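Trainee: Sharing a structure with you now.
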There are 2 protein chains.
Amino acid sequence: MLKTMSEPDKKEITPEEAPENGTRITNIGNTSKTVNGKTKDDFDLAAVYLSDAQYNRNIFFDTTPQAIRLYLLYNHWGLQILVYAFIIVDLALAIFEDPAVVPLPIWVTSVIELVCLAAFTARLVHYAKVIPRERFWKDPKNICIFVIILLSLVDMIIYGALKATGFYAVRWSRVLRPLLLVNITEGRQLRRAFRSIRNALPQILYVFLLFMFSVLMFSLMALKLFGKRDLKTTEGRPYFTNYLEIVFDLYVLVTTANSPDVMMPAYNFSVFFAVFFIIYILINTYIFMSVFLAVVYNNYKKYLKEEVRLLVRAKRHKMVRAFGVLQERKGEEEPVVSQACWNQLVRLVQPDISNAHRELLWSVSDDNNKGCIGKVAFVQLADLLNIQVIMMKSRPHPLQTWLPSLYLSSPSRLVCRMVQHRAFVYTYDLIILVNAVFIGLDEDDPLIANVEWAFLVLYLLEILLKLYSFEPRAFFSRHQFWNWFDTIIVITALIAMIINSALKLSGGYTSRQILDIVFILRILRLIRVVDSIKRFRAIINTLIKIGPTILTFGQLIVVVYYIFAMVGMELFKGKIRFSRLTPLIQIRHSVETPCSKTQHSSTQLLQEQL
Amino acid sequence: MLKTMSEPDKKEITPEEAPENGTRITNIGNTSKTVNGKTKDDFDLAAVYLSDAQYNRNIFFDTTPQAIRLYLLYNHWGLQILVYAFIIVDLALAIFEDPAVVPLPIWVTSVIELVCLAAFTARLVHYAKVIPRERFWKDPKNICIFVIILLSLVDMIIYGALKATGFYAVRWSRVLRPLLLVNITEGRQLRRAFRSIRNALPQILYVFLLFMFSVLMFSLMALKLFGKRDLKTTEGRPYFTNYLEIVFDLYVLVTTANSPDVMMPAYNFSVFFAVFFIIYILINTYIFMSVFLAVVYNNYKKYLKEEVRLLVRAKRHKMVRAFGVLQERKGEEEPVVSQACWNQLVRLVQPDISNAHRELLWSVSDDNNKGCIGKVAFVQLADLLNIQVIMMKSRPHPLQTWLPSLYLSSPSRLVCRMVQHRAFVYTYDLIILVNAVFIGLDEDDPLIANVEWAFLVLYLLEILLKLYSFEPRAFFSRHQFWNWFDTIIVITALIAMIINSALKLSGGYTSRQILDIVFILRILRLIRVVDSIKRFRAIINTLIKIGPTILTFGQLIVVVYYIFAMVGMELFKGKIRFSRLTPLIQIRHSVETPCSKTQHSSTQLLQEQL
């Protein structure tokens, strides 16, 4: 953690706090349109390069002032969220379309889909205005989105027409919907993951083929060993006589799902045949599956490293361009960027950055205090801006300002020292553990229900004491995850319990839903114990940090699942019906089959041992 | 691959081939007892240091000539194999002891165990004579073996006495047997693996505790959410009302073994309760189990790297000692080892090394051709000796020497060129594939049975053709794994088929066992196809290379399994009996339970959807 410096910079152009938006920047420092001979357009261009480097965007945009303004708008977080919202709505439509979980009339879903498609088209047109025309049509992403929109429209028209005339129709274009998630400009991470997987596939394929070869060889061996022995499975069917069935059975055996069952007829015939299955599991389940994992891990890592290397190079390239826009040359010396230009640029890119934070970044870049920085120092700016700086302002407690005599009195000081003592944390950990025991007991007992109120009061007291001894703004600062967690849970639990009690008192009736919420909140409160143990906190923090990566993979899984779900829905829709009694019994029988196999073979085994 | 040089070394002390044993070395080069002023004892000591470095032995032995000779005997491969043989016999005794798979009288197993214990004692006494007395008793390994032997003896006496007087007795010392595998001096690799696991445990433990905490929290939530709803499982038992049962059910859910079943009563009550189970599986199965794997992998790797670092340091240390023994100082210069001493040392350590190979190693060490090497070059010798050098002697084919006119005639040359052509390999790959199809067909058809003979002849022809065009000694050299594999399989198959046919012709009777062997050999022959594809060969070679490491882990698993098997055998011995009909039905019922749950819940679900 870096603490910001407190000494003010003498060369600061403006005494104002950081400006809120781009329009005010042009008037800063009374230089009207230029700073050190650079126009607002120059700064806009440099700022775009810088923020592209900062967020790893690789878009080849037009450098005309108008295109840059459009590009800035294109990258606005509001529009990006809007695009994702439309994609989610578009994907969620499957819930309301035929065959639907919640059926809606066909015109409603069609209108919503049309709105979504219009939004995607608008976004695409916007993008087309930002980048040069010939680049636009060379990019497969754009063509992909264009084709998806077009095919969806065609499909909607065909489907509508067929439905209106009473024909059978399939909404086949729904399969394409998740591809939008991959092809929009914001889907960079997802594309990178897909690319790494695609590049790793050949290596994985070879191990997979070798694994399949091994399964086929073992199946052939099983056919030859067991096929002629006239063995019967527990249902009386011939055992291991059909090659394809053996391959399927042994393939399932790799997952150990049918582990003892598949072996039992052979085992009952001779104990030594178990050796065949043990060797099979050793080779295929243990060795090949482990090699599979190792190959996937190694190759994915290798190609992802390659992607990161390319990213770093692109980032450097963009920063060099930004430097080229803002550089000043003084005679024969190396070109430099002055602090005034630098300040202007940083304020454009991050309007909410504090003066102290900006000064800190400058002092890191300009470590010799020359008032200007060269190319090497400038290029680091994108990374510097990405470093999270936590500001620790040691402000006095508000009570100290309002009631200094009371707050600084010795009993008040004692309270503060107590709260800040380790024993305070341990005491509350103990309270949480006792609470856990009480939660486990029967809550219908009125005594235990009342004890819950006592715990709630204790938790409220803890928050109030902490607010008393720590500065409230520091306590509720952005990075204090557990404080926020605690407070929200305790307050929500308080509200839910009050509502519950009010309901109980008024009508003698308890809402099960509210009780559920109360119970869940009570148990969530116990999680806090994790924060007291340093090692646990480290693991949790690591998990939170890899969250965004997991989210990317979540999207990847959504894409794959959605496509399979759509295809499966259209394939199996209406194929399985349970209108008569006979098929039900058949299905019941087939569900029973794998289990009864185990059970019969086990009993056979037992009977043999008698 | 390094090819050995052919030019002879002028300074070679002896024109003889490498000597077979240590006793002849003293007379080499007519220097009677010394080479460059170093006695045979010096060479023995240096050789012991060198071979210790080469095989990563870390034994602090006595440096007296007598102790060194004992130490050389102690490290003899024959004795080492003998120790492992006794351990295997000792471990295998469990099969013949009460409760036994193959019962033997108690006096037989006791005598065998006594012989084994005597062997271990002898080995321990031998070791005690090699290393200093005070070192011996400080090493926990030795104390461990001593205690195991002592406890085994005590247990045998007590068991024998109790059995003789008709009391109930337990052979509790059998649990200790696998510990011998870890504590013998040859169990270094195993101890290293155990040490790495032990060091990695604390890190793993924290993740495990956090995981258990998560399971306990979810169980508490499940108790509160479902316990009061009066839900019933498909067997009519109350659903999720007992906390410990919930913990067990949810723990099993992490393995997804009871995945839909455990959820069904709640799912039937409300579809939204599925969210609870989905979140549970996401957090515990996917995130925690993956973190678990990552932590185990990372920590094991870290500590193993540390072990390897220590090994490398110890190796260097030993080589420096060996250098100290053999070094010669010429005035003010750095101490060196002369080539004569070096040759003597290498011949002592690896008597079967060829002159050419030794010269190659010397030329690598003495790259300036000074006739002597310094410390830095000498220290590398242990690693140099571990490099596998494949000798490619381009000898003429024996037929060329015997019948040069025939072998060098143009038809003979054409055959050689054909066999060495790629198309030859492809042709035989095709033959193997066709063979695979024929194997899959019904072998009772006489046509197919005869085709098998044709294939066998084709394979024999392949081997003969290869022996004709390649030099036989090169074809059957040690590293030609696939040639050996092919030849052995084809010849064995030929013999088995001939025996089978002879039996059939003589008595009209086919031995099922011989047929099984024939079938397995036929299928094994198909594996050869793998060798033709480069990528597959690379994967197989990698798997073969990690074989020894897997073997170490195999021993580790044997140790753990054996202990659990022994404890489990003594605990559950005679507890479960199937003499009456009632318990059998009960067991059958309990086997049925997990499955019928699925099936009932599935049918309930189906009925609801009607």
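Glycine is treated like the rest: Cβ placed from N, Cα and C.
Annotated region 'Disordered' per TrEMBL: A:1-33, in sequence order. Under the heading compositional bias 'Basic and acidic residues', TrEMBL lists A:1-14. The feature transmembrane segment is assigned by TrEMBL to A:77-96, A:102-122, A:143-162, A:204-227, A:239-257, A:269-297, A:423-441, A:447-469, A:481-503, A:509-527, A:539-564. The domain 'Ion transport' feature in TrEMBL is assigned to A:80-303, A:422-578.
Context for these features, please: burial, neighbours, distances.
Mentor: A Cβ distance under 8 Å defines the sequence-distant neighbours of the transmembrane segment (A:77-96), meaning residues of its chain 6+ beyond its ends; these are 102-104, 108-109, 112-113, 115-117, 119-120, 123, 174, 177-178, 180-181, 184, 186, 558, 562, 565-566, 569.
Residues 82-83, 86-87, 89-90, 93, 95-96, 145, 148-149, 152-153, 156, 160, 163, 180 of the same chain lie 6 or more positions beyond the ends of the transmembrane segment (A:102-122) yet place their CB under 8 Å from a CB of it.
Long-range neighbours of the transmembrane segment (A:269-297) within the same chain, counting only residues 6 or more positions beyond its ends whose Cβ lies under 8 Å from a Cβ of the stretch, are 200, 203-204, 207-208, 210-211, 214-215, 218, 221-222, 225-226, 229, 231, 250, 253-256, 259, 262-263.
Same-chain neighbours of the transmembrane segment (A:539-564): 91, 94, 175, 177-179, 181-182, 187, 189-190, 193-194, 481, 530-531, counting only residues six or more beyond its ends whose CB sits under 8 Å from a CB of the stretch.
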Trainee: By a Cβ-Cβ criterion of under 8 Å, what residues six or more beyond either terminus of the transmembrane segment (A:204-227) are in contact with it?
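Mentor: Distant Cβ neighbours of the transmembrane segment (A:204-227) are 239-241, 243, 246-247, 250-251, 254, 265-266, 273, 276, 280, 283-284, 288, 291-292, 295-296, 299.
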Trainee: Among A:239-257, A:447-469, A:481-503, point out the range having the most Cβ pairs under 8 angstroms from the transmembrane segment (A:423-441).
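Mentor: Ranked by Cβ pairs under 8 Å, first place goes to A:447-469.
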